[in-house]
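These notes are about the structure you will find just below.
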Amino acid sequence: MSKQLEKGVFITGTDTGVGKTFAAAALVKRLKAHYWKPVQTGPEEEHDAPEIQRLSCIETDQILPCLYSFPDPLSPHEAAKRVKQKIEFGHFKLPDIKSKEFLVVEGAGGVMVPLDDRHMMLDLMAQLELPALIVARSGLGTINHTLLTITALRNRGVKLAGVILNGPENKANLEAIEQYGKTEVLAELPFCTDVTPESLGSLMPRLDRVAQYFGRE
Ligand SMILES: Nc1ncnc2c1ncn2[C@@H]1O[C@H](COP(=O)(O)OP(=O)(O)OP(=O)(O)O)[C@@H](O)[C@H]1O
Ligand SMILES: C[C@H](N)[C@H](N)CCCCCC(=O)O
Ligand SMILES: [Mg+2]
């Protein structure tokens with residue numbers, strides 16, 4: 001597997017609630033990375049960064065502050081409107097991290113979630129010049145959702161690192177996504193009855209190929 005010397009990876013998904021935060025927590029732990037959620041929507045008790053820290057046990061200074069956070073659990077463009085604010089797309093810049101450090105960035109929802117009247121989540125990936133890693137459900141319906149997501153990313157010129165399948169093992173869906181998506185499923189994360197630092201820790205070997213891809217074994 002060729003090593004990609006990237007500053008980080010943008011964790012996106014086929015939907016909201018597919019496990020981007022769950023996978024990002026595992027990746028932050030396995031890659032010893034920093035975490036950044038540029039745009040957060042929803043009430044504080046549902047924010048992703050605290051869940052990342054709870055599960056990965058990374059230091060507080062490894063979690064970078066959101067650029068935008070809005071209280072309503074909605075698409076960022078709408079959540080901003082509800083509080084009479086607008087997202088200034090030009091403000092999104094890759095945060096300064098040291099040369100040997102690595103950044104796991106998590107989007108909100110899927111790739112075509114609007115940020116303002118013109119820009120979507122996939123435009124943010126392009127602006128940050130980070131490769132995308134798609135978190136997808138493993139079960140029925142995921143082939144279509146994942147191939148649509150891949151197509152949207154490629155049409156926007158976003159580099160695709162691969163896919164993480166989240167949920168019960170499904171070999172047929174994995175093979176279909178690799179064949180028709182011309183990509184690799186770099187990790188399969190099982191359903192964990194208890195979402196704890198311990199259960200997350202047991203998943204580390206499953207992320208070895210992601211670590212190899214980014215040269216962060
Ligand atoms: N493999 C898993 N095993 C058990 N629970 C999981 C797993 N993956 C995700 N979950 C749970 O499913 C819920 C949604 O997951 P998560 O918050 O990671 O989704 P998300 O894609 O980050 O959503 P959002 O778009 O809101 O950021 C959470 O309660 C999470 O703990
Ligand atoms: C509120 C939720 N947890 C996410 N932060 C935002 C998801 C936006 C989804 C928009 C859409 O695709 O309809
Ligand atoms: Mg999340």
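Cβ atoms here come from the backbone N, Cα and C positions, even for glycine.
Fair warning: this is a prediction, and the values are worked out from it, not measured in the lab.
In the three-state DSSP assignment, the secondary structure recorded for G107 (ATP binding site) is coil. The ATP binding site annotation in TrEMBL covers G17, V18, G19, K20, T21, F22, D48, E106, G107, A108, G109.
In sequence order, F10, I11, K20, T21, A24, Y35, W36, K37, D48 constitute the residues six or more apart from E106 (Mg(2+) binding site) in its chain with CB-CB distances below 8 Å. Annotation comment: TrEMBL describes T21, D48, E106 as Mg(2+) binding site.
The Cβ neighbour count for K37 (active site), using a 10 Å radius over every protein chain in view, is 25. K37 (active site) falls within neither a helix nor a strand when secondary structure is assigned with DSSP, and so counts as coil. As annotated by TrEMBL, active site applies to K37.
The annotation substrate binding site is assigned in TrEMBL to T41. If you take the C-beta of T41 (substrate binding site) and look for same-chain residues 6 or more apart in sequence within under 8 angstroms, you find S69, F70, P71, D72, P73, L74, S75, P76, A79, A108.
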Those recorded positions in G17, K37, T41, G109 whose CB falls under 6 A of ligand 1, listed in sequence order: G17, G109
All-chain count of other Cβ atoms within 10 Å of T21 (ATP binding site): 22
Assigned element (helix, strand, coil) containing G19 (ATP binding site), judged by DSSP: coil
Diameter of the ATP binding set by C-alpha atoms, the set being G17, V18, G19, K20, T21, F22, D48, E106, G107, A108, G109, in angstrom: 13
Where the C-beta lies under 6 angstroms from ligand 2, the matching binding-site residues among G17, G19, T21, D48, E106, G107: none
